[in-house]
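> I'd like to ask some things about the structure below.
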Amino acid sequence: MKVQGEPTRSIWVETDGWTVGIIDQTRLPHAFVKVKLSTAQEAADAIRGMVVRGAPLIGATAAYGVCLAMREDASDAGLEHALSLLRETRPTAVNLHWALEGMRRVLTPLKPSERLAEAYRHAAALCDEDVACNRAIGGHALKLFQDAWDRKGRKGRLNVLTHCNAGWLATVDWGTALSPMYLAHDAGMPLHVWVDETRPRNQGALLTAWELGQHGVPHTVIADNVGGHLMQHGQVDLCIVGTDRTTAHGDVANKIGTYLKALAAKDNGVPFYVALPSPTVDWTIHDGVRQIPIEQREGTELSDVTGRLPSGEVATVRITPQGSLAANYAFDVTPARLVTALITERGVCAASEEGLLSLFPERRPAK
Ligand SMILES: CSC[C@@H](O)[C@@H](O)C(=O)COP(=O)(O)O
């Protein structure tokens, strides 16, 4: 998508042919800073420190982390070390495991001397696949936006609510939940997006608002607790979010607070859609609440807030009393029964085992 009018992806190989470029997402929206990764350790640190984040981008960065590792040591031991270093970075997004398993599958049978070139080739293909999936998701979701717009009699504006950042910054390009927003806006639909601030790290207020602003999509940032009120007053036509891991039965893990939005949407008859590329489905698990590992992060992400002072300086301040404990659960699980539909690159389906298998029949377990 565009940054100051320039087409930009969230990750790329630099012109030297091997270092990996990323955008430091901890600096947005106050500064647009590009960073070069040159080692697997730097890639792992970028994922853990959320310099890059969002399930598909975590997977893409891990894939390039393996490429960087192959420059240092392309032996079997070097490959295993890189895979385990990168696997330990963040626990919830299954795209990380999908990307690393893909790298393992293509690199293991090769001689060490052949691994470096193949690693870069596979990582680039994985990124291009993510872009194509997200563009396709946007097309399928756009039809749902158009239906909602028709139901409104094409009057006023179409109000869409989203949580966290499932935009191009969270993927390689386009985003998942934000992909149809760009398409709808470009098609001339009078779209307006309610952007949940998404405490504690404020991915909505900092990243989604910035992305939508760069593309000129009208939006309003709201506190996380506002959505239910807006829904009660007919101010939300549909909700759409991304996911870090979706079970084979359609339960959805996403940024903390997603579950409460889905409950409010159900109570108010507002459609609640989840957009995901198929590498976000964990086909091995069925019960999201019991089986999806939920990341817990440092309490300081909750107790401290970073922003721009009137002087222009960016500063971090503490907002909780000294001595108060802070529990920082990063994700929650929305059960499939609260999800109106899943939107994948192959189309729209019910959030259920049968729904997913109707789009991905090759995943049906052999009898
Ligand atoms: C297309 S991204 C889907 C999810 O990864 C996104 O909604 C999300 O929760 C990101 O969490 P984050 O902790 O910022 O990595």
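Heads up, the Cβ atoms here are built off N, Cα and C, so glycines get one too.
Keep in mind that TrEMBL annotations are predicted by a computer and have not been checked by a curator.
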> For the substrate site that TrEMBL gives with ARG53, GLY54, ALA55, GLN203, ASN254, LYS255, which of ARG90, ARG290, ARG297 also belongs there?
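Of ARG90, ARG290, ARG297, ARG90 joins ARG53, GLY54, ALA55, GLN203, ASN254, LYS255 in the substrate site that TrEMBL records.
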> Using the alpha carbons only, what distance in Å do you get between ALA55 (substrate binding site) and ASP244 (active site, proton donor) once rounded?
5
> Counting other Cβ atoms within 10 Å of each Cβ, which of the binding-site residues ARG53, ARG90, LYS255 scores lowest?
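Counting other Cβ atoms within 10 Å of each of the binding-site residues ARG53, ARG90, LYS255, the minimum falls on ARG90.
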> Check the Cα distances from CYS164 (site 'Transition state stabilizer') to each of the recorded positions ARG53, ASP244, LYS255 and keep only the ones within 10 Å.
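So the list is LYS255.
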> In DSSP terms, helix, strand or coil for CYS164 (site 'Transition state stabilizer')?
coil
> Between ARG53 (substrate binding site) and ASP244 (active site, proton donor), how many Å separate their Cα atoms?
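On Cα coordinates alone, these residues lie 10 Å apart.
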> By the DSSP assignment reduced to helix, strand and coil, which category contains GLN203 (substrate binding site)?
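Helix, per DSSP.
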